[in-house]
Amino acid sequence: IYIYICACVIMPCLCSCMSQGAKEFAYCPYSKFRVGAALLAHDGTVFTGCNVENASYNLGLCAERTAIAKAVSGGYRSFKAIAIASDLEDQFISPCGGCRQFMREFGDHWSVFLSKPDGSYKEMTIEDLLPVSFGPEDLKKKRLFTTENGS
């Protein structure tokens, strides 16, 4: 019980602190809107990411996707939580629709901590952020239509 209580208390704080720190590396010359993320893998490894903007706006990367890409490129596919941070003082930062779907690729029951600079946070799940979602398991379901090769 002691370990469980500590994990419940420390994990959100650790993730929030690390995501706040990650935003310091944001490359955002166009929007001036810094975002950081800290992704916690099931083995306890933490991957951080920040937003990286581009003059061709649609090529920019969100902090959440940067952290996930770092983890996946290191062989990780299973995650416990992600914390997201920005400089917004009056509201919790929330992931964009694209990031919600990107996170959903790796499951819908892991935790998402939306934080503020003062350290306060709101915990949600991927399922909360993207209800009635479409994921990899849906591609395995029986379909009415199949292609010529049977797939």
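The backbone N, Cα and C atoms fix where each Cβ goes, and this holds for glycine too.
For GLU64, the entry in TrEMBL reads active site, proton donor. Per TrEMBL, substrate binding site is recorded for ASN51, VAL52, GLU53, ASN54, ALA55, SER56, TYR57. Residues annotated as Zn(2+) binding site in TrEMBL: CYS62, CYS96, CYS99. Taken from TrEMBL, the feature domain 'CMP/dCMP-type deaminase' covers 10-137. Taken from TrEMBL, the feature signal peptide applies to 1-21.
Put plainly, the binding-site residues ASN51, SER56 were compared by Cβ crowding within 10 Å, and the winner is ASN51. Same-chain neighbours of the Zn(2+) site beyond CYS62, CYS96, CYS99, judged by a C-beta within 8 angstroms of the site's C-beta center, are, in sequence order, ALA63, GLU64, ARG65, PRO95, GLY97, GLY98, ARG100, PHE102. Taking a C-beta cut-off of under 8 angstroms and a sequence separation of 6 or more, TYR57 (substrate binding site) has the following same-chain neighbours: TYR30. If you draw a 10 Å sphere around the CB of CYS96 (Zn(2+) binding site), it holds 12 other CB atoms from the protein chains shown. On its own chain, ASN54 (substrate binding site) has GLY60 as residues at least 6 apart in sequence with a Cβ closer than 8 Å to its own Cβ. Of all the Cβ atoms in the protein chains shown, 8 others lie within 10 Å of the Cβ of ALA55 (substrate binding site).
For ASN51 (substrate binding site), the recorded positions whose C-alpha atoms fall inside a 10 Å radius of its own C-alpha are CYS62, GLU64, out of CYS62, GLU64, CYS96. In the domain 'CMP/dCMP-type deaminase' (10-137), helix, strand and coil residues by DSSP number 44 helix, 33 strand, 51 coil.
Between the CA atoms of VAL52 (substrate binding site) and CYS62 (Zn(2+) binding site) there is a gap of 7 Å, rounded to the nearest whole number.
Counting neighbouring Cβ atoms within 10 Å of each of the binding-site residues (VAL52, CYS62, CYS99), the lowest count belongs to VAL52.
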